[in-house]
Amino acid sequence: MTNYFNSLSLRDQLAQLGTCRFMELDEFSNEVAVLKDKKIVIVGCGAQGLNQGLNMRDSGLDISYALREGAIKEKRQSWKNATENNFNVGTYEELIPKADLVINLTPDKQHTSVIKAIQPHIKKDAVLSYSHGFNIVEEGTKIREDITVIMVAPKCPGTEVREEYKRGFGVPTLIAVHPENDPHGIGLDWAKAYAYATGGHRAGVLESSFVAEVKSDLMGEQTMLCGVLQTGSILTFDKMVADGVEPNYAAKLIQYGWETITEALKHGGITNMMDRLSNPAKLRANEIAEELKEKMRPLFQKHMDDIISGEFSSRMMRDWANDDKELLTWRAETENTAFEKTEATSEEIKEQEYFDKGVLMVAFVRAGVELAFETMVEAGIIEESAYYESLHETPLIANTIARKKLYEMNRVISDTAEYGCYLFDHAAKPLVKDYVNSLEPEVAGKKFGTDCNGVDNQKLIHVNDDLRSHPVEKVGARLRTAMTAMKKIYA
């Protein structure tokens, strides 16, 4: 496949994959100064477009929305999103020629046509920004030489960009400057100010590259962030019901359980999440996680290989050209699963109960996080970037499941993420279904270890040491020290 990444030499590919630097808070001391009094035009007003714009306006910036003429005339949802929040709205021709910063926040599938439409209207020496580098890296789009091209990529769905900002926090963010388009050397300063305006500096900002962002983002969302949560939801629900758990209770345990379980992950990593289990349950979750890792590792490696080579992007773009046949088929299959169609009980479930009766879910999270992290690092992605794409974003995705199950998760993630999630889930379920069904009923929906709380001390010590010594735990402990304003999701 011919694209920007594949046009690079191997040395340059590795260099860009390995670009990742955690930025210190004092690097954002200028706050939004370089963007003050600048005309900022966001193209598209979906989940990312609206919520980033709301944060930036609250940070004192001048935000307008450029939409297709048809979207304005027909008063489509993007027009409603912008006008109902009192933003100035206009066509490409009306707003983009005046813009100092143009931010393309349309769906990935539309980027090529959108850039073709707006680039002639972008004034000389302006700045163009993306929140995902797919169009540059995978499609190979070339931008006019006088235009500075940057990326500010919040590592979560757009809805959570806003929710975390309103909590007084933010979401981890990757920023980058396209090396082919920084004619005046201003890209990094503009990207820093933009990240500050969305609140990203409070959660941690990585100076990355377009290549590293795209390859790690695709891997994280396909495997742990969306794929494992979808596969785990469907298989765990089916197992619980087969084992006699009341379906409405099972639905609630899963729908809200991911959010609760990964809240512990967010604040203290895998170690803290596993520590919420009883000692017997911890040992059993460890055994299940190790077995899941062994069974799923080849699939994780295939996804990473296909992402690096461009095979994944080629397949997805073929589906785009085929009117999203695969995506729509998989979406319909997901909507018709028993988990999606079963209403959650109104019965209260206490926080600790989600852990006590969710040993299998904890094991899925541990296996998915560690596998995604390990596979990305093996491919040359720096540990800090792999951490954000495997562990830290997981509770933010889990929060979307808590709202409206898998439907909500797949609705608010990007179109590339949704396709990748279904692709992974379609292959993962047959890999682990029989193993999951063979597990004892106590690992899902019933409290584990009620007969005996005794464990082998040496075995417990060994498991605890293994958990704490995993590289994702070490890098996570370091990065979380910067997240001093981190807020609870689960209340």
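Any Cβ shown, glycine's included, is placed from N, Cα and C.
So that you can see what the record holds, here are the features copied from Swiss-Prot:
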type: ACT_SITE; residues: HIS132; note: active site
type: BINDING; residues: CYS45, GLY46, ALA47, GLN48, ARG68, ARG76, SER78, ASP108, LYS109, GLN110, GLY158; note: NADP(+) binding site
type: BINDING; residues: ASP217, GLU221; note: Mg(2+) 1 binding site
type: BINDING; residues: ASP217, GLU389, GLU393; note: Mg(2+) 2 binding site
type: BINDING; residues: SER414; note: substrate binding site
type: DOMAIN; residues: 15-208; note: domain 'KARI N-terminal Rossmann'
type: DOMAIN; residues: 209-353; note: domain 'KARI C-terminal knotted 1'
type: DOMAIN; residues: 354-486; note: domain 'KARI C-terminal knotted 2'
Local confidence of the domain 'KARI C-terminal knotted 2' (354-486) - pLDDT mean: 93
Using Cα positions only, nearest of the recorded positions to ALA47 (NADP(+) binding site) (HIS132, ASP217, GLU389, GLU393, SER414): SER414
Length of the line joining the Cα atoms of GLU389 (Mg(2+) 2 binding site) and ASP217 (Mg(2+) 1 binding site), in Å: 6
Residue among the recorded positions ARG68, HIS132 whose Cβ has the most other Cβ atoms within 10 Å: HIS132
Under 8 Å by Cβ from GLU221 (Mg(2+) 1 binding site), same chain, sequence gap 6 or more: GLY227, GLU389, ILE413, SER414, THR416, ALA417, GLY420, CYS421
Using Cα positions only, nearest of the recorded positions to ASP217 (Mg(2+) 1 binding site) (CYS45, ARG68, LYS109, HIS132, GLY158): HIS132
Number of other Cβ atoms within 10 Å of the Cβ of GLY158 (NADP(+) binding site) across all protein chains: 22
For NADP(+), whose listed binding residues are CYS45, GLY46, ALA47, GLN48, ARG68, ARG76, SER78, ASP108, LYS109, GLN110, GLY158, the greatest C-alpha pairwise distance in Å: 21
